[in-house]
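Lifted from Swiss-Prot, the feature list:
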{"type": "DOMAIN", "residues": "17-154", "note": "domain 'MARVEL 1'"}
{"type": "DOMAIN", "residues": "159-303", "note": "domain 'MARVEL 2'"}
{"type": "TRANSMEM", "residues": "53-73", "note": "transmembrane segment"}
{"type": "TRANSMEM", "residues": "90-110", "note": "transmembrane segment"}
{"type": "TRANSMEM", "residues": "129-149", "note": "transmembrane segment"}
{"type": "TRANSMEM", "residues": "163-183", "note": "transmembrane segment"}
{"type": "TRANSMEM", "residues": "198-218", "note": "transmembrane segment"}
{"type": "TRANSMEM", "residues": "232-252", "note": "transmembrane segment"}
{"type": "TRANSMEM", "residues": "278-298", "note": "transmembrane segment"}
């Protein structure tokens, strides 16, 4: 009789991918994501830019969660030319932010306690309430994965699992919010100073994305200089650049000499330049704070690029 050979790396299927605490969180992500998407698509309904964003966010997160679980369960991630630990940590943080945003937007724009006037209004309301609940649970499931996989003090970990790595995802996400406000009637082209602020946002965003991509692709070791040192230098420069934007943008948007100190009474809701300028100012300070915290943590991290 012939004999069977054991696979050299152990069992072909990795049961821990679905039974470990992280695996359990990922299975909950799949369950909650599918439920939320189905409730909205079946009867809850959506519309406009806000609803499209929510559906796109849930669909994106569900698709990539399926990919992560499948690759972990079948061990196929070892065949991919990327740093799997960095990829999963970065995706979990991005999914947490996307699902948190969708969990706020969908109830805010589509959920009401009273029944709509149409014949099936109460059923639609119930589906939307249920979708809002599961959207919140989906956010918690992704946040749980981030908490479980985050690098602890003294632990050997990939860069994206460290506080500094996770903050890179948040910084890029906040920059996208700033860009969204800039293109929405912000009038940033009126002054050279505000154009400088846009250049700051763009430069820091591209550099942050480059750090994330290099980490996920596992190419941080071939830069000719220690990657952690480059990250610290870049983060310090980003703090200085954002500090300049945090001073310049409010002056040229809200000082009476250049802009409006208060919201004009005749400014139309939904297309008011002052509102967009305020959003940019708020999230400029948010990102400045994130870069300062990042700089503080970057001084102490030690990571393994190939994990």
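Cβ coordinates are placed from backbone N, Cα and C, and glycine is handled just like the others.
Between the transmembrane segment (129-149) and the transmembrane segment (53-73), the number of CB pairs under 8 angstroms, six or more residues apart, is three or more, so the stretches are in contact. Note on the domain 'MARVEL 2' (159-303): DSSP counts are 109 helix, 0 strand, 36 coil.
For the transmembrane segment (53-73), same-chain residues at least 6 beyond its ends with a Cβ under 8 Å from one of its own Cβ atoms are 13-15, 17-18, 23, 26-27, 29-30, 33-34, 36-37, 40-41, 46, 80, 84, 88, 91, 95, 98-99, 101-102, 105-106, 135, 138, 142.
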